[in-house]
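Colleague: So that we are looking at the same thing, I have put the structure below in structure tokens.
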Amino acid sequence: MSTFSSVPNNTPTSLLNHHNSLFYFPSCLPSLSNIQRSHPKTSPVAFDGARLKHTQANAQKTVPGVLNSRFLQIGSEESSSSRHFLVKSTGAESAGGSTVSQSVLGILHLIVSVGIFLAIDNFLKQAFVAASIKFPSALFGMFCIFSILIILDSTVPAVATSLMNFFEPALLFIQRWLPLFYVPSLVVLPLSVKSIPAASGIKICYIIVGGWLASLAVAGYTAIAIRRMVKTEMTDAEPMGKPSPFSAVEVWSWSGILVMSFVSALLYPTALGTSARTCLPFLLASTVLGYIVGSGLPSDVKKVFHPIVCCALSADLAALAFGYFSKSGLDSVLGSYLTKVSSNPGAGDVLMGFLGSVILSFAFSMFKQRKLVKRHAAEIFTSVILSTIFSLYSTALVGRLVGLEPGLTVSILPRCITVALALSIVSLFEGTNPSLTAAVVVVTGLVGANFVQATLDKLKFRDPIARGIATASSAHGLGTAALSAKEPEALPFCAIAYALNGIFGSLLCSIPAVRQSLLAVVG
């Protein structure tokens, strides 16, 4: 999935492009006189992406002694060179200090904006648990944020815009690392499938592949049918920011953390109090490194070896190596990777802790594309609603027809819904396997990511709206990232359908009558 690679120009606080937005005016001064001699009438000067023209006279008035070649020739050649060196040094020092200060402010801005998301998610979780409310807390928070943005946009538009700009670093952070938040379920898959018979595993795989194809077809054909009825012309969507690619500095930094923390954990197994906390740094570093390396693989390789697969294998290999050298075994280390205990978190718990923030970020995505949602509401909502209903009930029916155990069938009901909300949905049912749910959701996304474009072409879905909705409704975030990387015009519709699919699925399963009907179909 990837997945989404430049930062929008309207994000002044982004960490990623500060070094590109600086203009080292003093260090450029010596070159201006050369430009002036070769172009006596005008001198183009680049300033923050804009080109300004100054007449020779005005330029000399503005910066006398620098642009005036006669003045530069007064005195010895050594003193002239000294003046040039002094100007360059002063400019470099001031620019360097400015770069550092802006980078520090950018980092603080990112930490604060992401921290607010995490704080809101944690507060809502605790409040909903205390009130014994089973509705997904993050989804409620998303609705609240979206409502606030809509109200502010109607009353004080400038405040709504400021809020969007303030949280832009957090949104780009979530977008950049989104696939990583899905990985823990794949890393601990060896533990999740131990209690599942091989025959049941084959049936689940059949449901995953067949269900993905059926959901994609239902969503795509529905979108095309509605498009022909309403005949709404497409308009340009709001530009969506893309995070920066990974750098060599990040690779070496995480590599250093991996090596040092791995050795430290071997020598001092309980240095941080518990095994899970001690293993957390190197398991987290191995997961992140696997994702970074996987994202940098050639496109042809990624079709078979998706970055998420590379990521999960990297973490499993690190766990296997530590289990071997420490003689604790693989299962013990994987148990420390995802403890599901807030007081003793592992690396997987840290990553999955961002899933609530992912849901909260949907509010900003939908608000940004609100005009597009309004214009194509008929296609989007009809396709998403029908696709979600079909996905839930067809999974329940096929599970019963192939003889899959009821508990396993219920666990894979939300196979086409993003992990964060899929886990909330299965928590509404009893006797489910959340680890299996997360793994099935991720595998469904991987199937879509690898085969969605070719399948859409085979089904002759040409319309970007139909392609985007069909992809997101069947393969959620991973499929969205794969398609939008090659078809950016489908990205807005992917993003909208991706959010609405999970939202509507959660709302539907929150209704007791719907849950009872699903259980009746499962048998």
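Glycine too: its Cβ is placed from the backbone N, Cα and C atoms.
Bear in mind that TrEMBL entries carry predicted annotations, made automatically and left uncurated.
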Colleague: To which of the residue ranges 300-322, 346-368 does TrEMBL assign the term transmembrane segment?
Modeller: 346-368
Colleague: If you count every Cβ pair below 8 Å, which range out of 172-192, 204-226, 435-452 shares the most with the transmembrane segment (346-368)?
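Modeller: So the stretch in question is 172-192.
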Colleague: Does the structure show the transmembrane segment (246-268) and the transmembrane segment (280-298) touching, where I'm treating 3 or more Cβ pairs under 8 angstroms (sequence separation 6 or more) as a contact?
Modeller: yes
Colleague: Using a threshold of three or more Cβ pairs below 8 Å, and leaving out pairs closer than 6 in sequence, do the transmembrane segment (172-192) and the transmembrane segment (280-298) count as in contact?
Modeller: yes
Colleague: Could you tell me whether the transmembrane segment (100-120) and the transmembrane segment (435-452) are in contact, taking contact to mean 3+ Cβ pairs under 8 Å with a sequence separation of 6 or more?
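Modeller: No, these stretches are not in contact.
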Colleague: Are there three or more C-beta pairs under 8 angstroms joining the transmembrane segment (410-429) and the transmembrane segment (127-152), sequence spacing 6 or more?
Modeller: yes
Colleague: State, in range form, which of 100-120, 172-192, 380-398, 410-429 has the highest count of Cβ pairs under 8 Å to the transmembrane segment (204-226).
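Modeller: Result: 380-398.
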